[in-house]
Amino acid sequence: MMPEIGNGLLCLALGIALLLSVYPLWGVARGDARMMASSRLFAWLLFMSVAGAFLVLVNAFVVNDFTVTYVASNSNTQLPVWYRVAATWGAHEGSLLLWVLLMSGWTFAVAIFSQRIPLDIVARVLAIMGMVSVGFLLFILFTSNPFSRTLPNFPIEGRDLNPLLQDPGLIFHPPLLYMGYVGFSVAFAFAIASLLSGRLDSTYARFTRPWTLAAWIFLTLGIVLGSAWAYYELGWGGWWFWDPVENASFMPWLVGTALMHSLAVTEQRASFKAWTLLLAISAFSLCLLGTFLVRSGVLVSVHAFASDPARGMFILAFMVLVIGGSLLLFAARGHKVRSRVNNALWSRESLLLANNVLLVAAMLVVLLGTLLPLVHKQLGLGSISIGEPFFNTMFTWLMVPFALLLGVGPLVRWGRDRPRKIRNLLIIAFISTLVLSLLLPWLFESKVVAMTVLGLAMACWIAVLAIAEAALRISRGTKTTFSYWGMVAAHLGLAVTIVGIAFSQNYSVERDVRMKSGDSVDIHEYRFTFRDVKEVTGPNWRGGVATIGVTRDGKPETVLYAEKRYYNTAGSMMTEAAIDGGITRDLYAALGEELENGAWAVRLYYKPFVRWIWAGGLMMALGGLLCLFDPRYRKRVSPQKTAPEAV
């Protein structure tokens, strides 16, 4: 009975989403405040109905209701209860329901926290978000219903959750990523509302920017957590592989970063209006593209869900409708919000525009490298591979001017400035950057690699100028805001991430060795000694754990416990890496296959500064969070009268 209730709640949600999509817009056209205000009620009802359906599915997993096909395919009585809850979004149908839940949650949040926003704007924004919800609810109900039954015959035991997903990181990674994806729908809705109304001013930017910041924070955390999970769970010691689905989350992050900065210019200087709208449309469009790549079956990835052609065609049609319709609307009405401001070449807004262009260019490089092999294969032209060298080379050389401008930008005033005002500071920063980028590799690794120097030069340039500018502000007694300190934290976070990338990419050491009890291998300054392998048993798996002692200069450093697990129901063998993490290095061991005569294949790594990559990502997210606390986002703006015909 419960699955039928869940299905009924989804049908109810579809009806409410349809009302939300139409009724408030009708109210805008008629100038009827009550009809416009109904959008908030519909948003609440939509969230409650979808949340109810989601809880029904969670309950089906907790009680092991294997009459539900989705539960039988992704759970097992031996699965710990917390993984049973996480299995709710562990495969295609449930993850789509999570998407719709979060979509309705964002819609409800806009309804709650929009009391200071003119009612006509709220009505348009919530209606557009309702339209997006309609598309995904139709997709779930007609192609991907998580409440489908296996009656009258159903298994007494489930197939189990994919062992790769039986990890704490994967409990939080998809919700965070989806919160970011879905969050950009708010910026998208504000952009479409601006095009419909024909106006975009600083107040619109002030409404949109906190929602964009929140989405960007969640997406940043999702990417950071996913990268860390890949590092410790997959057993290959990497943190980014330029996988198509990794790229699918990275592209909206790049455009979202550009959008945040563009909104700042629109808010401060009433510039970049059309550009800001285009970025908002592009960010959410790229989120839809990522959904298509994961669920269409056009690629093979550890992230991709198996899917049938009907699902792929539905998503493709929906994506074309949303993106195509948005771009057509932009082409037709974008001129109504075009800026009339001429910016000086040496001004903060011009430098921000240059970096916006570089971010979009980086996104296009990733988009080309991701889609070209897929398009080439679909056209019957054979298989081609675009791998890490292409992405690393193209991306690096786009980021060099980006880092240069990023360091200088906060030092330059809005409107017009003179370069000579900061000339001495730039000279000092240049000398400091040169010295640090040459000295640090030699101090930590006793050798200098050109690409490391380049990466450290970018990081030091950003960090030195950010710290120097903050010190100058403090010494002069200049008033600073949460937004300012958020910017400093985010820029320093990027510098920290670049340091981690520069060291880990160029100084990591990897060894694939055959080891048995008593064997030792030297890597960098460390000696790894293989002691033994013991049998272990978990709630739904059994395996072996290898004990590997590590010494440095003859003194004990740490002990690593690398596991090889066999999951009973799934019949899968998984590697659980052993990692000893530190501020400046990671020691990493992954147990491979058992060989003859008691020997094992073992993969050992020395990874310098790798944790700085994720620490920098967390600092960037913290910077975004600080910006959210800026008081100006809580100021009330007087409503503007809406023309009835401007829907």
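Placement of Cβ uses the backbone N, Cα and C atoms for every residue, glycine included.
Not measured: the values here are computed from a predicted model.
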(request) Answer yes or no as to whether Swiss-Prot lists G31 and D630 within the same topological domain, that is, on the same side of the membrane. (result) yes
(request) Could you put numbers on the helix, strand and coil content of the topological domain 'Periplasmic' (1-8), residue by residue per DSSP? (result) 7 helix, 0 strand, 1 coil
(request) Write out how many residues of the topological domain 'Periplasmic' (503-608) are helix, how many strand and how many coil, based on DSSP. (result) 8 helix, 76 strand, 22 coil
(request) Quick one: average pLDDT across the topological domain 'Periplasmic' (63-93), no decimals. (result) 91
(message) How about long-range neighbours of the topological domain 'Periplasmic' (142-175): same chain, 6 or more residues beyond its ends, C-beta under 8 Å?
(response) 3-4, 6-7, 10, 53, 56-57, 64, 66-79, 82-84, 86-87, 89-98, 102, 222, 225-226, 228-229, 232-234, 302, 308, 310-311, 314, 540-541, 565, 567, 569-570, 572, 574
(message) Let's see if you can do this one: DSSP helix, strand and coil counts over the topological domain 'Periplasmic' (63-93), in that order.
(response) 17 helix, 1 strand, 13 coil
